Amino acid sequence: MSASPQSRPTTITCLLGPTASGKTAAALALAARRPIEIVSVDSALVYRDMDIGTAKPTRDERARVPHHLIDIIDPADAYSAAEFRADALRLIGEIAARGRTPLLAGGTMLYYKALTQGLNDLPTADPAVRAELDADAARDGWPALHARLAQVDPATAARLAPNDSQRIQRALEVFLLSGQPMSVLLAAPRRADDEAAAYRFVPVALEPSDRAVLHARIAQRFDAMLDAGFIDEVERLRRREDLHLGLPSMRCVGYRQAWEFLDGDTDYRTMRDKGIFATRQLCKRQITWLRAMPERIVVDCVAPDATALALDTLERVLDDRLPT
């Protein structure tokens with residue numbers, strides 16, 4: 001599905017949206033009518049043995065249409081935006097070579113940005129540096145590391161909460177490895193390549209006209225996860241000696257809150273409330289990312305006929321029937 005620099009770029013349809021916005025339903029509706037394969041754009045779905053809390057597509061759903069970039073790594077390992085970009089570009093070509101149509105679907109906007117806009121020259125993760133920062137945080141607390149970050153990269157520190165451990169750790173890691181603030185490196189021109197330039201990525205964005213409706217869905221879905229055995233899932237992960245709350249997998253929304261409950265740090269109701277709140281905050285960040293994409297095609301994800309609207313929009317993109 002690649003194209004020469006002189007030819008017209010191949011359109012790649014992308015179904016993006018916040019958590020609980022109906023992406024799976026829309027993708028499956030399209031799969032019933034088109035020979036598609038779904039490439040997941042979701043940083044949580046890459047992990048094996050994390051099914052309930054990530055709302056992973058069911059076995060039946062995955063049997064109905066091929067899914068990619070799901071269950072590809074162990075929770076003890078990390079998966080970067082650079083790895084996603086390479087995998088997604090490879091899969092797009094492979095799916096097209098089979099005579100089928102790739103559909104990118106998910107809500108990890110950092111992955112989508114890396115795919116469509118290229119990568120910054122940020123250093124890769126270093127386990128030794130991360131272990132040292134984790135030890136410092138265990139001794140002094142993440143607010144102290146946030147204060148340290150403010151001294152070397154005030155721009156990044158200003159946009160992070162003092163307990164945002166994952167992002168504070170990454171920003172300090174980048175500074176320690178490169179000697180430059182992450183904010184400076186992110187402001188530098190991104191690296192592009194001919195392979196991505198062969199494609200025209202068209203984002204179809206599922207966004208709520210009434211955020212309260214989406215919030216209600218989030219609460220219902222979190223309760224359904226709890227009823228489906230989410231706590232037992234986290235307990236099985238927690239028994240593994242190689243997993244801990246410092247890992248990206250265990251920082252996924254819901255998992256941290258359930259882990260803290262199992263540690264005895266919170267009661268059940270507090271765990272539930274914190275899990276729902278964290279999911280709502282994730283939803284807010286996802287919508288903010290989407291609204292920064294002027295090229296997106298918006299579908300109201302809380303409309304009564306949202307799935308039909310999304311299906312119609314996706315088919316218009318695939319058939320090149322969009323207004324110019």
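Glycine residues also receive a Cβ, built from the backbone N, Cα and C atoms like all the rest.
Taken from Swiss-Prot, the feature ATP binding site applies to G17, P18, T19, A20, S21, G22, K23, T24, supported by sequence analysis. Residues annotated as substrate binding site in Swiss-Prot, with sequence analysis given as evidence: T19, A20, S21, G22, K23, T24. According to Swiss-Prot, the feature region 'Interaction with substrate tRNA' maps to 42-45, 166-170, 251-256, 284-291, an assignment based on sequence analysis. For T108, R130, the entry in Swiss-Prot reads site 'Interaction with substrate tRNA'.
For the pair R130 (site 'Interaction with substrate tRNA') and T108 (site 'Interaction with substrate tRNA'), the C-alpha distance works out to 23 angstrom. Cα to Cα, P18 (ATP binding site) and T108 (site 'Interaction with substrate tRNA') are separated by 9 Å. Look at the binding-site residues G17, P18, G22 and count other Cβ atoms within 10 Å of each Cβ; G22 has the fewest. Summarised by DSSP class, the composition of the region 'Interaction with substrate tRNA' (166-170) is 5 helix, 0 strand, 0 coil. Between the recorded positions T19, S21, T24, T108, S21 has the most other Cβ atoms inside 10 Å of its own Cβ, all protein chains included. DSSP states for the region 'Interaction with substrate tRNA' (42-45), grouped as helix (H, G, I), strand (E, B) and coil, give 0 helix, 0 strand, 4 coil.
Taking the mean position of the Cβ atoms of T19, A20, S21, G22, K23, T24 as the substrate site, the remaining residues of that chain whose Cβ falls within 8 Å of it are G17, P18, A25, G107, L206, C301. Put simply, T108 (site 'Interaction with substrate tRNA') is 9 Å from G17 (ATP binding site) when counted between their Cα atoms. Taking DSSP states H, G and I as helix and E and B as strand, the region 'Interaction with substrate tRNA' (251-256) has 3 helix, 0 strand, 3 coil. Of all the binding-site residues in the record (T19, A20, S21, T24), the one with the smallest CA separation from T108 (site 'Interaction with substrate tRNA') is T19. In this structure, R130 is the one among the recorded positions K23, R130 with the smallest number of other Cβ atoms inside 10 Å of its Cβ. Under DSSP, R130 (site 'Interaction with substrate tRNA') is assigned to a helix (H, G or I) in the three-state scheme. In terms of DSSP helix, strand and coil, the region 'Interaction with substrate tRNA' (284-291) has 8 helix, 0 strand, 0 coil. Within 8 Å of the Cβ centroid of the ATP site, not counting the listed residues G17, P18, T19, A20, S21, G22, K23, T24, the chain contributes G107, L206, C301. When pLDDT is averaged over the region 'Interaction with substrate tRNA' (251-256), the result is 95.
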